Amino acid sequence: MVLESLSSSLRETIRKITGSTYIDKNTVKEISKDLQRILLKADVNVQTVLNITKEMERRALEEKPPVGMAHQDYMVKIIYEELLKILGEPSNVELKPQTIMLVGLYGHGKTTSAGKLSRFFMKKGLSAGLIAADVHRYAAYEQLQQIAESVNAKFYGDPKEKDPVKIIKNGLEVLKDAQVKIIDTSGRDSLDSDLIEEIRRIKEAVKPDQVLMVIDATMGQQAGPESKAINDAVGVTGIIITKMDGTAKGGGALSAVAKMRVPIYFIGTGEHMDDMEIFDPKKFLSRLLGLGDLETLFETVKEANITEEEAQKSFEKLMTGKFNLKDMYDVWEKFSRPGLMKKLVDSLPLAKLPGSQKINDDQILTAEQKLQRYRIIMDSMTFQELENPEIINAKRITRIARGAGVREEDVRMLLKEFKAMKNNMKLMKGNRGFKKILQSNFRSGNFGLDDLGLK
């Protein structure tokens, strides 16, 4: 998950608050110290951290929660609102024909981001073309060409031409049928006069609709000064922060860049070409705190091609204990695409579930591998066995294991976990709070933020 360490610590703090018998001055002080430690570890500026926690303490001790809201939930609401202040305003990514120019230093992920951007717009129904205008970095042309092929985007480049302006103008003509044209420009090891002059010359000649600066999240707070320097020199319309999944400093990078008052358009959340998302401060913070991001959850379900009717049917079967192996197989098959399960888990309101634990990337990978093995096992079952797992005896287990090329123990483990899941659902059936969460996920999409008064 993006900012896994930060998220895990913040979710633990949320659980500490919601698990408190009451909120008094000592509790507020303790939570304040926890937040300071967590945010400083994430490389957020010291003064920013002090300002956040000071205001959080003041509000927690002076303000009274609305009628019907518990002090614990109101405390979470205050933390949410104070953290939201340092993440900037929502971006306005327009889904229309446009020309986008990417700028930034070497190694920050411009070329990969160009591919992810093209993939993003193509998923939204717009055709995309990539233009290789990095004339300095070795193999930049070949890398972007390979990326374009991997996402089925159009491509233009001229490895023999050393004038980026000529390349781009020719590229815009060749790719005139592409609705979104993305220009990958050269970088430098540091911001120098040559880089600034080249970017200015391209911008003046091409007049792109958007100039997006690509920043590496591993820079932490230092992302702020660098972003400001490039923005002051050439003027940018938005920012892409990359590698948010691989650093503990992402929180510092986000808060530092947000101070520029230039919107953060996208964040890179993984290695796959699908791992780029529009940066929405409210959605991002909700996921970070474990309050859920139901909009992303439903987008993920949509990506898996699960209809609302199918989701509702699965929910009803789960809650009535009628869920069988065939139903389980159908769901797993839809979420088998790489990265989709991770995206789903990150969107769930786990901090609201009593006794829930943080699910890390290694656990998700292990689960994906296990589910793949279980799908192979179920492929060796008859329709009757999938519909009625109770009939699977020792003889059938032996046959299924041989057909799937696995151990009999693996088949037994699948049946054991399926039975445990059904039993857990029966227990949860009487838990109205848990049922409310599940129903919200399948139906309304309003749980989490609405329940805390955050929307």
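Placement of Cβ uses the backbone N, Cα and C atoms for every residue, glycine included.
Per Swiss-Prot, these features apply:
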type	residues	note
BINDING	104-111, 184-188, 242-245	GTP binding site
### Message
Counting other Cβ atoms within 10 Å of each residue's Cβ, which of the binding-site residues GLY104, GLY107 comes out lowest?
### Response
GLY107
### Task
Using all protein chains in view, find how many other C-beta atoms are within 10 Å of the C-beta of THR185 (GTP binding site).
28
### Site with most surrounding Cβ atoms, counting all protein chains shown within 10 Å, from the binding-site residues LYS110, ARG188
LYS110
### Query
If you draw a 10 Å sphere around the Cβ of MET244 (GTP binding site), how many other Cβ atoms fall inside it, taking every protein chain shown into account?
27
### Summary
According to DSSP, LYS110 (GTP binding site) sits in helix
### Message
According to DSSP, does ARG188 (GTP binding site) sit in a helix, a strand, or coil?
### Response
coil
